[in-house]
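> Handing you a structure now.
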Amino acid sequence: MGTIARYYAHVVLFLVATSVIFTVKKTEAGVPCAESCVWIPCTVTALLGCSCKDKVCYLNHVIAFEAKTMDEHHLLCQSHEDCYKKGSGNFCAPFFNHDVKYGWCFRAEFEGYLLKDFLKMQPRDILKISKAIAK
């Protein structure tokens, strides 16, 4: 009987420890995308909006929010001209959060225009599009 009780105690301890770990990770500011970019760039998480900073992949808006100058990352910008000057694109897209003072450069005109059109859309139009896609 004692071994079964110890087994359950270990299982409960494991579940409590993992729930604490995941709770802490969700509340941290600037949580990395759980990928390293020491030798290769962010690959899998790049599709989720992550870029390399200090050899760790971070979400793009976190990099832009924590930046003190535009020189901290090659894709940070405040205007389209900044993207041209840095050679990182031709369109500077702002983030939805107005507390983020820098935008993000896009290389292709097509991506920039799509994002620009999306940002101009009203929420009801976005819902119509998502309903049409779901059908």
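Note: Cβ is positioned from N, Cα and C throughout, glycine not excepted.
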> Quick test of reading the record: Swiss-Prot lists a disulfide for Cys52. Which of Cys37, Cys50 is on the other end?
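Going by Swiss-Prot, Cys52 is disulfide-bonded to Cys37.
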> Could you measure between Cys50 (disulfide bond) and Cys42 (disulfide bond) for me? Cα positions, answer in whole angstrom.
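Taking the Cα atoms only, Cys50 (disulfide bond) lies 7 Å from Cys42 (disulfide bond).
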> Pop the Cα-Cα gap between Cys33 (disulfide bond) and Cys42 (disulfide bond) into the table, whole Å please.
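Approximately 9 Å lies between the Cα of Cys42 (disulfide bond) and that of Cys33 (disulfide bond).
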